[in-house]
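Residues or ranges marked as domain 'Kinesin motor' in Swiss-Prot: 4-391. The annotation region 'Disordered' is assigned in Swiss-Prot to 23-92, 502-536, 565-606, 618-639. The compositional bias 'Basic and acidic residues' annotation in Swiss-Prot covers 28-56. The feature compositional bias 'Polar residues' is assigned by Swiss-Prot to 57-75. Look at Swiss-Prot and you will find GLY175, GLN176, ARG177, GLY178, GLN179, GLY180, LYS181, SER182 tagged as ATP binding site. Taken from Swiss-Prot, the feature compositional bias 'Low complexity' applies to 510-521.
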Amino acid sequence: MEIPIQVAVRIFPHRELKDLLRSFGPTEPKKDAQAVDEGADSKDSEAQVPAAEKDNPSISETDPNGNAEQDSAADSKTIPDANGNDSGQKDYPDSAYCVQAIPISASALGLPSALPGGDPMDSIAAGLIQVGPHTVPVTHALPSSSSQEQVYHQTVFPLITLFLEGFDASVVTYGQRGQGKSYTLYGNVQDPTLTDSTEGVVQLCVRDIFSHISLHPERTYAINVGFVEICGGDVCDLLGMGNIHCTNVDAVFHWLQVGLSARQSLPAHTLFTLTLEQQWVSKEGLLQHRLSTASFSDLCGTERCGDQPPGRPLDAGLCMLEQVISTLTDPGLMYGVNGNIPYGQTTLTTLLKDSFGGRAQTLVILCVSPLEEHLPETLGNLQFAFKVQCVRNFVIMNTYSDDNTMIVQPAEPVPESNSSAGPLSQAGPGDNFGLQFAASQWSKLVTNAEGLFSKLIDSKLITEVEKEQIEEWLFLKQECEECLSSTEAMRQQKQLVPILEAEEPEDVNSEAANSESPNSDNENDTDNESHRPDLDDKIESLMEEFRDKTDALILEKHAEYLSKHPKAVMQSQDREIEAQPPEENGDDRKVSIGSRRRSVQPGASLSTAELAMLNRVASQQPPPPIDPESVVDPLESSSGEGIRQAALAAAAATAPIEQLQKKLRKLVAEIEGKQRQLREIEETIQVKQNIIAELVKNSDTRSHAKQRFHKKRAKLEAECDKAKKQLGKALVQGRDQSEIERWTTIIGHLERRLEDLSSMKHIAGESGQKVKKLQQSVGESRKQADDLQKKLRKECKLRCQMEAELAKLRESRETGKELVKAQGSPEQQGRQLKAVQARITHLNHILREKSDNLEEQPGPEQQETLRHEIRNLRGTRDLLLEERCHLDRKLKRDKVLTQKEERKLLECDEAIEAIDAAIEFKNEMITGHRSIDTSDRIQREKGEQMLMARLNRLSTEEMRTLLYKYFTKVIDLRDSSRKLELQLVQLERERDAWEWKERVLSNAVRQARLEGERNAVLLQRQHEMKLTLMLRHMAEETSASSASYGERALAPACVAPPVQASSDFDYDHFYKGGGNPSKALIKAPKPMPTGSALDKYKDKEQRSGRNIFAKFHVLTRYASAAAAGSSGSTAEESTALIESTTTATATTTSTTTTGAVGKVKDKALVSFRPEQLKRLMPAPTATKVTRQKNKIIIQDASRRN
């Protein structure tokens, strides 16, 4: 079980000691004050606390929180501190308390208990320690006025109770130097100068342990003590003899005194261990063996350094202990070390491994100082104590069970005194552990010698005489083994000892823990088997062969049994089985009465191997089919028996119907899920085919746009080359820096436009690849749909078969019901009763004739005795039947029975069957037939014949005892089997529920995956439609452009036009007019543009670039939106992003184009004559109409989708 570590905080009584020192004489205060100041051994500093409590009654008075208060008469002027505690007298201002213990009622807070099923007072946090504004919850809050007995009974005594039951216990004292750690553990009994000594926790524990042992004289025990000291990483044995066996309290106290006297003066840790080993015989005659250890650790002072609180202790062992606690409580640190807790870094943590995170129930007693000058140290220790409470130990019982080992009670009674109780070696004649160990060692030596002799024979290095001696030795050894094995088998068959089974859950846990050693012994075997991967297959094949042969042998023996067995005996057995009222048995009692499996110990549960065997048998034996025609003949049984049999058949027929309905529901759910998936796949295929058709239909548009982009790219590349040549000329001729910058800007702009055109060309040429991918995806979807259709056809066929089978079962059940109704009618019952009476009359006549014939046979006195015994047995059987019917009626009425009544019901069943067997045997003796036992005696094996011979030699009392034991074992086995069947039914229900949930979730996941694929295909279709419209629009705008940017840029600066055309590419008529001076299209030459004019030119170029490449930015944004949608966003978010981007871009393009047209018109009216306006005026209306038309088409397509 998992139990948290408990923490008890004890406040050091500084104030009480000072009052005690003032009340002493002039010679004593020096010694005591020196002990208080030194603090090397805290037992000296607290040695006078009990005496102070006795001499000064004012000290023993406590407030409601359990804190000691000063006598009001001593000094009426006292100043309370910030926590409300009395700060003491004015003469001792340094004795002000800043630590307060606040006990809390655990039941009032509803806190959980530290022990499973324990008292609420033993809760995890039953007190608070208040240090200034800080409050720390602890398991036990002990005020400064607490005595040693109070500390022991409140904190340590529950651990000792568990220790006596076989659990490990650990008590650790922790705290600042000189605060009473050693005094809490060992008291001051080791100081001979003190007249009034006080015992510590260790002494009180030892007294309680021996007191408990004296109350159980039937147990043998052994107590060993050890005392070690850890100083600087070295372990020193204070006793000098290791673990020492002690027989009484005085011996333990003596060795404890020796160890305390041998301690060093340096700061060190001490560890006192007490081991208790117990053995006794249980009521069933089985050996109980338990071993538990109690450790008492006195750690040295913390003496923290560094940033306080908390700081870190100076001692390396304590520092590593705090690191271990942090690792156990912090999952991050535990993950960092991969679960390898650093216990082995220091000697202290290695020895305390079981105490912190191990298998012992641990109590940490923290001794703190209440003074303000020790406040940082106190806070650091309290933080460590709070972490310790979060650590949980896995406490288990240390029990050892010896199977098939009977312990004989010693003839001499064990005295109740402590001194007379001896060690385990004095356990009596039943203790043969030493003999067993010697026998095992002898066997190992013989085995080793045999191997050595075999090697010598093979080596051919010995003479013939030596070889003959070795062979003779091997022959004698083989004969000895055969004799021992036969004797051991005979001894085990004679004793018929029960099998040991664990009765308590704690024993189960302890056996699981103690099974580590045998598992470690078998590691070599496991390693050898791991090198043979085919071993499991061979074992499985052999098991199958064994099952087949066993089934064939059983069928053969059954047929032989039926052929040899008399028919009358078979009919009598059938009548006996039918005589028991089956309708009064509950649903949970459908267990075969005649079934026999191997017996187990009385009162014990089934082991794991037995559970596995029963599960396998249950899975391999399906319920027999119910034949509606197999109705009990009314002439062979009474009418009531026929009705009961028909009712039983109808109840048995209900079980397969329910199972079949359950399978049918699962199958229908699978079929519905696959049908939905098939519809989704078909819809996805249709959408993909639509996309392919649209891509094929718009392939001409894409190819036309691709050609346009290619031509435009060629023009831009030529213009870029020209611009680079002009830039080179300008650099060679050393022209003005502004001109060089202008050409550099032009080249950069052309390169960017070339990159954009390459991207658009690539987008326009992707239609072929997309068609291929879509066609491949359609093929995969069709293949998936075909697979689903095949599975659907199979499942539909299986559903039809199951429905037909279910209809047959329902018909058989209806037939059974009609049979019950027909037999339940009064007329039918009357006819059956007459037929039965006629049958009974006929049988009585036959029985009388048989009786007359039997009376003529010899031995009438013996036959009469047997008949008298049979009549007595029948009377007993009637009484048992009456009691069983009473229990069945109570079960039917109350729906539940007590454990005792359930066991009584099973005992009645078994007793009735046993009486029937005895009656049958006696009838066979009367009639002169040979029993089955005698007829098959010759065919028995030799070992079985020997067993029967030994059983025949048993006396009547021994045979009665043996039969009673096996009768009890059979009852226990039937009870365990019934419980196992109930557990199996519950597990099957849970399994069915989880299978149904798993099926529903898997169908939902597959459905969601298919829906997501269909949504992605729909989005792709929308994207392709919009992309086609964009490419068509851009191709039209590109074809409407008549000139390029490079021709305008390459024109001389002196003839640059002062105005711009209505579109970005309508500059051809300007440059053409520049070559004919007769046309008045060009104004007077202007000087080179200045920096401000060049900036305006750049701004204008940037605005003009938005007109043609806005659609390309739409495509780029859509690509990014589609990537984001595929990585985690939903389809709706991607669609919204595309539509918003398209709308915004269209609006921006319209605004830019309209503004440019207006400006061009205004400037053209100023610069040109009216006859030239018609030739220079562009056609913006067509472009605008095309754009509006495309926008309407996109919106209509979005609404249709």
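Keep in mind that glycine also has a Cβ here, set from the backbone N, Cα and C atoms.
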- In all the protein chains shown, the tally of other Cβ atoms within 10 Å of the Cβ of GLY180 (ATP binding site) is 27
- Query: Including all protein chains displayed, how many Cβ atoms other than that of GLN176 (ATP binding site) lie within 10 Å of its Cβ?
  - Reply: 23
- Item | Neighbourhood of GLY175 (ATP binding site) by C-beta distance under 8 A, where only residues 6 or more apart in the same chain count | LYS181, GLY301, THR302, LEU366, CYS367, VAL368, ASN381
- How does the model score the domain 'Kinesin motor' (4-391) in terms of mean pLDDT? 76
- Query: If you count other Cβ atoms within 10 Å of each one's Cβ, which of the binding-site residues GLN179, SER182 has the most?
  - Reply: GLN179
